[in-house]
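Student: I have a structure here, written as structure tokens, and I will follow up with some questions on it.
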Amino acid sequence: MATRGNVPAHMQASLPALPAHLQSDTHITAHLASRFHVSLPTARLSSQGLICLNTFTSSTRGPNGDKEGSAMGEAEDLARRAWARLGNRAEDQAFVFFGESGSGKTTVRSHLLSSFLSFSSTPLSSKLSLAAFVFDTLTTTKTTTTQTASKAGLFYELQYDASSNNPTLIGGKLLDHRLERSRISHVPTGERSFHVLYYLLAGTSAAEKSHLGLDGHVNITTAGTGLSRSASVSHKRWRYLGHPTQMKVGINDAEGFQHFKNALRKLEFPRTEIAEICQVLAAILHIGQLEFGTGQATLTAAEESGGYSHEGGETVTVVKNRDTLAIVAAFLGLGVQDLEESLRYKTRTIHRERVTVMLDTKGARENADELATTLYSLLVTYIIESINQRVCAAEDSVANTISIVDFPGFADHSSTGSVLDQLLNNAANESLYNTCLHSIFEKTAEMLESEEVSVPATSYFDNSDAVRGLLKHGNGLLAILDDQTRRGRTDVQFLESLRKRFENKNKAITVGSATSTMPGSNFATTNLAASFTVRHYAGEVDYPVHSLVEENGDVVSGDLMNMIKATKSDFVANLFGQEALNTVSHPAEKTAIVQAQVSSKPLRMPSVSRKKHDQLRRMASRRADRSPAPQEEEPLPGTEEAKVRRTKPTATGLTQGAAAQFLSALDNITKSLTAPNVNNYFVFCLKPNDRRIANQFDSKCVRQQVQMFGIAEISQRLRTADFTIFLPFGEFLGLTDADGGVVGSDREKAQLVLDSKHWPPNEARIGNTGVFLSERCWASIALTGSQAAAYFGGDIGSPSRPDTPGHNPFSDSKARLVGSADGTPGSFYGDEAKGGGYFGSRELDAKSDAGASAFHSGDMFRNLETKEELAEKGNKKKVEEVDVVPVSSSRKRWLAIVYFLTWYLPDFAIKWIGGMKRKDVRTAWREKFAINLLIWLSCGLVVFFIIVFPELICPKQNVYSAAELSAHDGKGKHSAYVAIRGQVFDLGAFMPNHYPKIIPQSSLKKYAGVDATGLFPVQVSALCQGKDGRVDPTVQLDYTATNISGTAAVISSTDANRKYHDFRYFTNDSRPDWFYEQMIMLKANYRKGSIGYTPQYVKTLAKKSKSIAILNDRVYDFTTYNEGGRSVRAPPGEEVPSGVDTDFMDSLVVDLFTQRAGHDVTKYWNALPLDPGLRSRMQLCLDNLFFVGVTDTRNSPRCLFARYILLAVSILLCSVIGFKFFAALQFGGKNVPENLDKFVICQVPAYTEDEDSLRRAIDSAARMRYDDKRKLLIVVCDGMIIGQGNDRPTPRIVLDILGVSETVDPEPLSFESLGEGMKQHNMGKVYSGLYEVQGHIVPFMVVVKVGKPSEVSRPGNRGKRDSQMVIMRFLHRVHYNLPMSPLELEMHHQIRNIIGVNPTFYEFMLQIDADTVVAPDSATRMVSAFLRDTRLIGVCGETSLSNAKSSFITMMQVYEYYISHNLTKAFESLFGSVTCLPGCFTMYRIRAAETGKPLFVSKEIIQDYSEIRVDTLHMKNLLHLGEDRYLTTLLLKYHSKYKTKYIFHAHAWTIAPDSWKVFMSQRRRWINSTVHNLIELIPLQQLCGFCCFSMRFVVFLDLLSTVVAPVTVAYIAYLIVLLATESDVVPLTAFILLGAIYGLQAIIFILRRKWEMIGWMIVYILAMPVFSLGLPLYAFWHMDDFSWGNTRLVRGEHGKQILLSDEGKFGPDSIPKKKWEEYQAELWDAQTQRDDARSELSGYSYGTKSYLPTGSVYGGGYNDTQHLMMAPSRSASQLDMHPTPMYGGGGGHNQSRMSLAPSEMLGSQSNLMMPSGRSVADMEMSDLTGLPTDDMLLNEIRDILRTADLMTVTKKGIKQELERRFNVNLDMKRAYIGSATEAILSGQL
């Protein structure tokens, strides 16, 4: 590099000062490199620009170790120069930063700001520095290129007043632009989210972490990884914080948090508000931890009746980690349930309809991310606006401003995946770069041209095409994007709009194809990778359009807004109450927020300077004359105009998308930068390499950036024209103190001055009215003294002089700024020396500092509400008194029983341990517990009766008869028992222990099963004390076994082994106690029982001269004693002593057994005159010598009773089943019913079923073989909800199936619903038409419950019972002629005037579920049953499973469904009292056939079934668990003379639950509702039958069987045990009976040839424990599992209860009602008025009160109207081929006509759907016999029209002429007259 003189070339800091041959990209790069390598990483573009290279080390040290030559030094120098211009010229100063991410923009910006603030060392300057730090903390992040990447556009404004040369800082303003919100939920790999989140996690104390839930005690598993984290926070993976390694990237987060809190405190944020900010930040982190899974909504909601076709509950998304959810809810001041609801649902606007989408787990995760993103965006906006409110000065006091503009760097790809963020930031960079080019090239050129000064032109890259293409209002790319968003267009439509606008019109924008052709295919498909390309100044970028339109909408769902309305946190309410949140209200109800949008532009605008220079203003006005018309001014935020603009309605409800808002904010910046009194400086930040290596210069990398920013062209331009100041001649001459003595014009004088100054021509030129100067030249004449010294302390680059260090005159007064050296707040730029950060002087705010220190040293949440208190507060509902209800006496009695049973459970324990805060919930739990106690007591009683009671009556005896003993002979698998002296022992167990061991066991086993007493002779004297206490040892007593069976195997006294056990006195080995000892041992170890003798057999033995009798249930035998068994024997060698008394037993005892042989001698024994000693001695002798067994009472009467009681129970159960079997044997052919003419309604309630299920149900109902014109298909859609797996809301699916066009949009009408408080007011839409399927043309009506405008989540949804009540209440009011709601009047109008049937004609209603398929002959068979039996009020058919083989769960249910219908319902049908008519397939009689009295829709049924106050456990089980069964109960209760029956010939197929959870929930509903409904039925007196044959007895048995179902399993298990252990015939008989049960069932399905049921029966039997044990126990304990809603009861005065609700109080008057006659009169009047003006028959709708042409019922006639419509199911040509009208009955009409006139079917009603061709008028009026026939009227109308003036004739005039001719009132023929007139005039007749 060349040198100039002795000064090295690299010392030249100003690039324009380089020679011309060095003004290229390559040479400039080389020059920057030479400076970089000598630690001079900066350069200048004269006075207008600064170039800084990031050294990745310190930005505060230059080549000499001080700041001179560093980025910090250059920033300070630039600030001094701008400060001088601000003070001396009163110009606004603006600094625009350019640079890619990682170029160090944020650091240089902080140095620049610190320099300006140091000029005004006041507390305000400190606050403004802290404000910038807070902004960076909230909006910067660490990326792969830098640790301080800015992710929001910044416009920082310093405000000054007007004061001579030293402006006073009076305020500041932070304007944030488009925060990169997507980073919150999608942290790129290797990057971080916003710093403040890491600060919070690292900087909080242990107590604060505990409060915020950030400690390790919350067990959280990272979604998708399955890795559970340990208790340490540092090892827990936070989803919103990226990879855990990002928490250790060299940033001191803990210190950053302390700085952040200090900054907020010094900015005057209250302590409580800082705590609230931290709680919201913690809530955001916890939202990221929420894990979602798929579950079942098994708890019935408070306003729902549950089931629909989903009998056990619908599939919903649930939060798995509810502890984390509770933390989020607590910090947001919300209820846990409310928060979960809002996360699982999302409401959208589709075709102007609000629709709630039931989200899957992915959708719920995205919804949670949206909540987190919205929270963070609003929090940032709130903090910034709060700062602005504290530091911003009043607009009218601001004289000048210094603005710093810093937007995120240009990006060629989106790291977070947000294309919109990338597009908007790049557009901002494009606009700011264009402003730079315009300022340097165009603005100067315009000024010079206006002064007729010519300079050489400089070529440069002009990005105007890109700027116009992107930013032009009206038809720029961003404007088009916003327009397409507001119109609700798709991405493809947006792309096509871009094509039309830019193709071949703007070379900067290229639009890709919206379609693509796959290889091997000739058909174009949608291009999923469709994109457009923008040629930016920094290069071409492709922008995919996928989801771009939706992302631009930036919509916050109405569910979230509706949820936040209920927050108990004032801070959160303030967040969502900001002006930054643009809300969209429902057009019909302004208080209902449909959706919202977080603003992408700041809440404030740049200040408008009040001080202008006249010359500049003049020049600006000249330029304006040549410029296009200005764009419309954006209204100031917060003004009324802005509010009005925000509320303009659009297709999507949005007024502006993110693009339009950003574009508006960008316009404000551009206007601010290009204002006449603004001097701009441009700072270009470059990164020396892409790898963030310190002190390494990559020439290629830098050259690309130099080329990108056009630095060479800018430098060349400044070499020819470096003019930034224009001075009029007078001002210029005044500054230069030109000699007044010089004669000449001012121009000449100025020229002389210029000549004398020797300024180069590129820095000083003279114009027509003034002088153009560079900033350096101006400073040399304008600044004096210290100002000049300060300014020239750093030279700006004279061509002849290199930079020299200068003195800083502000160093004495400037406050040194403190920072940190570790890359944390204060300075984010390598290891900064203390001095260049955000934080101002410690001395300036010592008081605030001390307060902050005290604040962050402890627990910021001390003395604030705890997390638990916040949770309780959030769950508490705001309630108001809505009703006072009395407490019934029965309820009081029941509660008394409940508290008697649960008194030992204190209320506080239930409250705190059970978590039940509400009194009514605790009461319900007590009721549940009491009911369970009663159930368990009942089960215990049954167990006692079955098992314990028989044992009490007949205690178990361990006795063995001879036969039983013989069976234990040890052969085969039999055990080996042996009897010795009446005792039975286990020989098998004894044999291994026999002594001596040498005796083989085979020798011992021969004694098995026999009485071996003979083997064991006894020593009498050892076992008996005799009469006087001693028996001579020589006395012997032989033992002769009692023949107890006649064939007993008895061991004789001659047995060979006897001698081995003979140890009597006379033997050689006398052991008198041996036998006694052996017996003690045997009894202790081997005894099994005793030999048993029945009393009858004892008597038999006595008859055989046996001296045997019973004493105390023990049998003693004196036969041997009496018959010579006594003897006297002495040992060998000894003489037998004489006089030995062998009568050792008392004679009284002997006589007693001899004389009373065969009897029980107990009472005689007790009467013997024996002294106690003798009696005791005799008893001892009896037991040891004469005992042979015990009394066997097993066949006694009481034991037989105990035994057969089990059999009796089995017989009783089997008898009931037997009756059911005979009831099921309904043989006979399927009688084909006669042609029926009754009108039938088929109602299908729809909720979230899929299209296939709905189509099957609707098609099956339409295809039923029943007269189509007498069927009416009514589908009631419960809410605007998109079910999981569906792509459209359920009503739209139904309407698409029925062929209704999307253009048909009736007005929603009010009606009453079942709900809490204001939810009783609902709104619905009515559609009607004809549905054609497989040759059937069926009229239909669809009622869609859409909800009031104020309903955001699940609008209109009220549950299945409410869907039933819509039709039932309507028919009730029709039959009772009661005033109707608008919706009901519209339904009446549709059915009567459009479909053509009087609603009173419908006699029967068939209710099916939306997933039920009915057999074609179902309706005919049910109607036939009604006609055969006029006392029948309801019938059900057999329902089978259509998904029988889906899973084992469904397989278990197949057989159960079958027997529940063919046994239970068939049996109940015998009594005419089927206790449960299933809602999935039942037909009801609407009115009595003879009298027309309403039955199904009677007053009592409607009143009880529409009960809204469902606040007790009993009522909830009735109405929320089993509404179908309760409806049947009401029918039996109020219409006891009518019957309910089961018809097995009518078939339907439904879907059963296929998962355990849904199945258990379904059965919980069924079991509990069964119990509560049977309790309702038992007290009824009207149930038929008498005694045990009454239905009440059967109901009681059903209730008992339901309650004690678990015992049945125990009973069967008990029988199995009995059968296994006893060979008795009784349990075997019981099993035979139980087998007969299934045998009878088998007979049923065999006779009906249901062979497959054999297999299903086996599956059912295997599942018996589940059905009879598991499910009942689960159901009983979960009897109180409900979503209790927000209505509750509290105890009031005088025994009354007050009903409280947070849904508001419903006023019935809010829904207008009107009788049909009044409404019909209005129709006629309106029609007559229009008839006078128009010759056209009209239809008139309550919903619109508008004139609508009536269409044909054949279809197509209503497709173009707003309200009335028919499905265009068939074409006209198809219809005209029918020889007779479809609904015609032939009565009086010309049958030769091919088709009817358009209104003939609707207007006359003369033959539409009437029995036997009769008209509505024929059926209703009795005075029409004198009216002329239709043919007579037709002939007269033709005659009148033949002579009438067709220009003046009206239908009213024709009617009046006909009345004159026939002399009769023809009001009832008005419609026919009109339709006939129309037909004649149109040529159809």
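Glycine too: its Cβ is placed from the backbone N, Cα and C atoms.
Annotation source Swiss-Prot lists domain 'Myosin motor' at 1-789. Annotation source Swiss-Prot lists ATP binding site at Gly99, Glu100, Ser101, Gly102, Ser103, Gly104, Lys105, Thr106, citing sequence analysis. Per Swiss-Prot, the feature N-linked glycosylation site maps to Asn219, Asn429, Asn668, Asn1043, Asn1068, Asn1462, Asn1568, Asn1759, Asn1790; the stated evidence is sequence analysis. Among the features that Swiss-Prot reports, region 'Disordered' is placed at 601-649, 794-817. Feature annotation from Swiss-Prot assigns compositional bias 'Basic residues' to 609-621. Feature annotation from Swiss-Prot assigns region 'Actin-binding' to 666-690. Marked as transmembrane segment by Swiss-Prot: 894-914, 929-949, 1205-1225, 1599-1619, 1626-1646, 1653-1673. The domain 'Cytochrome b5 heme-binding' annotation in Swiss-Prot covers 957-1016 and is backed by sequence analysis. Annotated domain 'DEK-C' per Swiss-Prot: 1827-1882, in sequence order.
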Student: By DSSP assignment, list the helix, strand and coil residue numbers for the domain 'DEK-C' (1827-1882), in that order.
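Tutor: Going through the domain 'DEK-C' (1827-1882) residue by residue, I get 41 helix, 0 strand, 15 coil.
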Student: Give me the CA-CA distance between Ser103 (ATP binding site) and Asn1068 (N-linked glycosylation site), in Å, as a whole number.
Tutor: 123
Student: Under DSSP, is Gly99 (ATP binding site) part of a helix or a strand, or is it coil?
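Tutor: Going by the DSSP assignment, Gly99 (ATP binding site) belongs to neither helix nor strand, so it counts as coil.
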Student: Within 8 Å of the Cβ centre of Gly99, Glu100, Ser101, Gly102, Ser103, Gly104, Lys105, Thr106, which other residues of the chain have their Cβ, at the recorded ATP site?
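Tutor: So the additional residues around the site are Asn54, Thr145, Thr146, Ala149, Gly409, Cys685, Lys687.
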Student: Can you name the binding-site residues among Gly99, Gly102, Lys105 whose CA is within 10 A of the CA of Asn429 (N-linked glycosylation site)?
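Tutor: Gly99, listed in sequence order.
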Student: Which of the three DSSP-derived classes (helix, strand, coil) applies to Asn1568 (N-linked glycosylation site)?
Tutor: helix
Student: Hey, what's the Cβ neighbour count for Asn429 (N-linked glycosylation site) at 10 Å?
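Tutor: Counting Cβ neighbours of Asn429 (N-linked glycosylation site) within 10 Å gives 23.
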Student: Compute the C-alpha separation of Glu100 (ATP binding site) from Asn1068 (N-linked glycosylation site), stating it in Å without decimals.
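Tutor: Counting only the Cα atoms, the answer is 123 Å.
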Student: Of the glycosylation sites Asn668, Asn1068, Asn1568, which one sits closest to Lys105 (ATP binding site) when you measure Cα to Cα?
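Tutor: That would be Asn668, nearest by Cα distance.
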Student: Around the Cβ of Ser101 (ATP binding site), how many other Cβ atoms lie within 10 Å? Please give the count over every shown protein chain.
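Tutor: Ser101 (ATP binding site): 20 neighbouring Cβ atoms within 10 Å.
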Student: Name, in the order they occur in the sequence, the residues of the same chain whose CB lies under 8 A from the CB of Gly102 (ATP binding site) and which sit 6 or more residues away.
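Tutor: The list for Gly102 (ATP binding site) reads Asn54, Thr143, Thr145, Thr146, Ala149, Gly409, Lys687, Arg692, given in order along the sequence.
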Student: What are the DSSP helix/strand/coil residue counts across the region 'Actin-binding' (666-690)?
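Tutor: Here the numbers are 8 helix, 9 strand, 8 coil.
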Student: Which residue, of the recorded positions Ser103, Thr106, Asn668, Asn1462, Asn1568, has its CB surrounded by the fewest other CB atoms within 10 A?
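Tutor: With the recorded positions Ser103, Thr106, Asn668, Asn1462, Asn1568, fewest surrounding Cβ atoms within 10 Å: Asn668.
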Student: Helix, strand, coil: count each for the residues of the domain 'Cytochrome b5 heme-binding' (957-1016), based on DSSP.
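Tutor: So the domain 'Cytochrome b5 heme-binding' (957-1016) is made up of 21 helix, 13 strand, 26 coil.
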Student: Which of the glycosylation sites Asn668, Asn1068, Asn1462, Asn1568 has its Cα nearest to the Cα of Gly104 (ATP binding site)?
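Tutor: Its closest listed neighbour, by Cα, is Asn668.
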Student: Whole-number Å distance between the CA of Asn668 (N-linked glycosylation site) and the CA of Thr106 (ATP binding site)?
Tutor: 22
Student: What's the number of neighbouring CB atoms sitting within 10 A of the CB on Lys105 (ATP binding site)?
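Tutor: A 10 Å sphere around the Cβ of Lys105 (ATP binding site) contains 27 other Cβ atoms.
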Student: I'd like to confirm something. Which of the glycosylation sites, Asn1068, Asn1462, Asn1568, has a Cα closest to the Cα of Gly99 (ATP binding site)?
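Tutor: Sorting the glycosylation sites by distance from Gly99 (ATP binding site), the top entry is Asn1568.
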Student: Among the glycosylation sites listed here (Asn1068, Asn1462, Asn1568), which has the Cα closest to the Cα of Ser101 (ATP binding site)?
Tutor: Asn1568
Student: Between the Cα atoms of Asn1462 (N-linked glycosylation site) and Asn1068 (N-linked glycosylation site), what distance do you get, rounded to the nearest Å?
Tutor: 83
